[in-house]
Amino acid sequence: MSAPDEDTFPEEAAAEEMMDEVGSDEDEGVEMEEEGAGGDGEKKVYVPGIEPLQPGEELEMDRSAYRMYHECQTGAPCLSFDVLRDGDGEGREQFPLSMLLCAGTQADTAMSNRLIVMRMHNLHGTEKEKEGEESSDEESDEEEDEDKKPQMELAMMPHYGGINRVRVTQRGKQTLAAVWSEKGQVEIFDLQPQLEAVNSSAAMAAFISQQKEATALFSFSGHMTEGFAIDWSPTVPGRLVSGDCNKNIHVWEPGEGGTSWQIDQRPFSSHSKSVEDLQWSPTEATVFASCSVDQSIRIWDVRAPPNSMLSASEAHSSDVNVISWNRSEPFLLSGGDDGLLKVWDLRQFKTGRPVANFKQHGAPITSVEWSPVDSSVFAASGADDVISQWDLSVESCDAGARVEGVKDLPPQLLFLHQGQSEIKEIHWHPQIPGVMISTALSGFNVFRTISV
């Protein structure tokens, strides 16, 4: 798509826009072409971190490794986003696909930020290249290509201050976004006007004509500093937990009418440094987990403030950046500044030892998430500009034929995705199996690999 200039959001940016299709010149490679004499290059698999690119070598995307791949930009980059559930059904795999996302920008000036709802649709899969075939009807091919162009609508609400993290939930008929911003407040927004705008051209026109700074349903300034950690409860609609850079955690209880929350002013306070991420238990309504710069992961119960129930005090050798709670198994996944990915069995959490430990990324882990449809599959992103996909159910003897030169890779590693710079956050789509969305300084990728 043709993005508006960074930090500028003209009215046209809220209308229909185009996303770039598969086959861009981004270094989206799982395959490397090595330029040789006379331009004849020997193609081989490139594995990040194993060996650096040599002079004259460049990465080339292997289209056959993707079932779908699209990319887009929103002007200023987004540090965080979340997937909005829609009414198009569960487990859908038939192309073209559509999806709804909510994202928040990190623009150069506080005034230039936006809370964005985006609707991507007409997302087609990657087609196998027809080598050696010449089209007899170029005009019809062009028409077909035009029909398959992906589409995107953006409904952008001005928001004062860069948005550190966004999480969305459904509460009755409300679609709510919780926003941690650099101004030190946690705010709740009703996304209904933006959702109506991306689904109707008339509503979009009205939305643009009435556009003004986003007005929060509710805001909380009690953290007294900024933060990143925030999570909606999957079991109690409207229940929220937020954590800040001063080590404090607050639990929000929803009030009557959907526009107010009660927040205990006494924080949960066992951490000694910044709280980086929070995750509610998917099965126990009063239990949540946290991770911190103090290298620990802690498990809490809202009925027993202000201290944690369980802790792994040296979960990683440095900052623990992100955690994800498995939806159907008692497993917690963590990623740290040490570049390690660790899987914790909560039944053995007191031992302080993970049940699995992976070192594939060459830089701090920035995001982790279990697959919503396969309890053994997870993904992670790192500051090394790589997204990795894993399957814990794979044993060494199941790995099959390994590609030459990659025999040292763990058998559980399914895929390494590249092409973005400074990847900040990844999410699986909960209703479209295998589809992953990532946000980075360079924009968004939407893709599905052949491995998941």
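Backbone N, Cα and C define each Cβ position, glycine as well.
Taken verbatim from TrEMBL:
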- 1-37: compositional bias 'Acidic residues' (COMPBIAS)
- 124-133: compositional bias 'Basic and acidic residues' (COMPBIAS)
- 134-146: compositional bias 'Acidic residues' (COMPBIAS)
- 57-124: domain 'Histone-binding protein RBBP4-like N-terminal' (DOMAIN)
- 1-48: region 'Disordered' (REGION)
- 124-152: region 'Disordered' (REGION)
- 268-303: repeat 'WD' (REPEAT)
- 313-347: repeat 'WD' (REPEAT)
- 358-393: repeat 'WD' (REPEAT)
What are the DSSP helix/strand/coil residue counts across the domain 'Histone-binding protein RBBP4-like N-terminal' (57-124)?
6 helix, 37 strand, 25 coil
Tally of helix, strand and coil residues over the repeat 'WD' (268-303) according to DSSP?
0 helix, 18 strand, 18 coil
By DSSP, what is the split of the repeat 'WD' (313-347) into helix, strand and coil residues?
2 helix, 18 strand, 15 coil
